[in-house]
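What TrEMBL says about this protein:
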SIGNAL    1-31  signal peptide
REGION    76-184  region 'Disordered'
COMPBIAS  111-120  compositional bias 'Polar residues'
COMPBIAS  145-156  compositional bias 'Polar residues'
DOMAIN    196-344  domain 'Peptidoglycan recognition protein family'
DOMAIN    208-373  domain 'N-acetylmuramoyl-L-alanine amidase'
């Protein structure tokens, strides 16, 4: 049986504010901003048994990721591909190399619920430039009677090629101060001689509807784990973004994780990609080193590096990301970190064990895996010293001025220091500037206001000032009758936030009716969703009911 569905990528933006500094770049006048939307990702499931050889349909113009799960004993799932050179040897689909969420985390509980009674699951392996693919069990009598082969397929777009070209280092592999970003590259690490372009999630076409939950975060990071993704090293520059789209789908839909497992990814050309949402400016807990995700950053290089070393361009970019994060969170790339194991079946250390590791470690240091591959692992000392050489103290200050500068002078304890220069906006007219703790927006009619935390995440999901709400018209305010909740006013509505309900936008008729009912004191409680279409009506959910709207009926309230 084959089950297929088509997933469409919505328009969202990533939050960018970090030290060494992440700078949002404005495209030149007349240049088209790259924001990938509506990139189709097709997921299929093929049922097989341990005695089958399953042929998979592939298109050489697309990128396909292949993975498998099973009930019963591990069947040793293998794959081979056919290219112009003929059939490859049978190669095992790796198991356990991708890590996973920490055992006691909410993300792990969700993943276990998703996998149900499935006894095993492989990593997803990218297939590029192949005309045929076959999958089989190496253990025909393993006792496994039900194997599910999953494929995730996405096309290589014109924007993939443009982004990859714009974000790539120069031919020497260096991303020094002489580089400038191409038209579409939105973010840069930039401080003194340390500079690198970052391809953000909206640029590589992340389908934000696949994000299943809001991952944990910590106040800072103690160090880095390095990984390889496994799979082919023969991908082209323009195929890399498509591979990452495939990983997002597989990690969320097949593994049940909140989001991509890695915080950052680097391809063999040295291009850096934003991974798990929020990782640019916050210490987001990933799912890359089970038992040791908390307070660490996962960086993975696309490809397999058992006998082949990562390219010099890839190693150079890895060093830059490490140096950037080391400065941001105050650790030394050549130092040590002490972590407490969260346990788990792939962890080398039991839950609760205190472990001292190098601040730049390989996945194999804490898990039963070959990751990041022997050849990559043997180069970790050089990566540590190279990152240390790049590391420098933050200094030089970033200028603030005008209304945003005045706001900063009055609220610097709340905003933290500026981490990017002010950017002007033309449609609608205004400006913004990123600070360590959020973004200050300004327009002539609203003045300057800080947008931060969970409310900022919700604002990003509706396209910031370009969305239905417009600019912020107040700072964050705590509800008078709900001490656990806050809100922020905007030109055309508001966003509410609590740890239980997360950030939710309210506008137009729904907002007017909620106000009439008594705001947070109403019987409905706080909103738990934004507006969405349901059975021909516009609907918005609340803690204790929902509202619906049609032009003929107006807004109706439904309690439960």
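Glycine is treated like the rest: Cβ placed from N, Cα and C.
Long-range contacts of the compositional bias 'Polar residues' (145-156) within the same chain, counting only residues at least 6 positions beyond its ends with a Cβ under 8 Å from a Cβ of the stretch, are 39-50, 52, 54, 56, 58-59, 61-72, 75, 77, 118, 124, 135, 137, 236, 238-239, 241-242, 245-246, 249-250, 254. Using DSSP to sort the residues of the domain 'Peptidoglycan recognition protein family' (196-344) gives these counts of helix, strand and coil: 43 helix, 33 strand, 73 coil. Summarising model confidence by region, the domain 'Peptidoglycan recognition protein family' (196-344) averages a pLDDT of 93. Per-class residue totals from DSSP over the compositional bias 'Polar residues' (145-156), listed helix then strand then coil: 0 helix, 10 strand, 2 coil.
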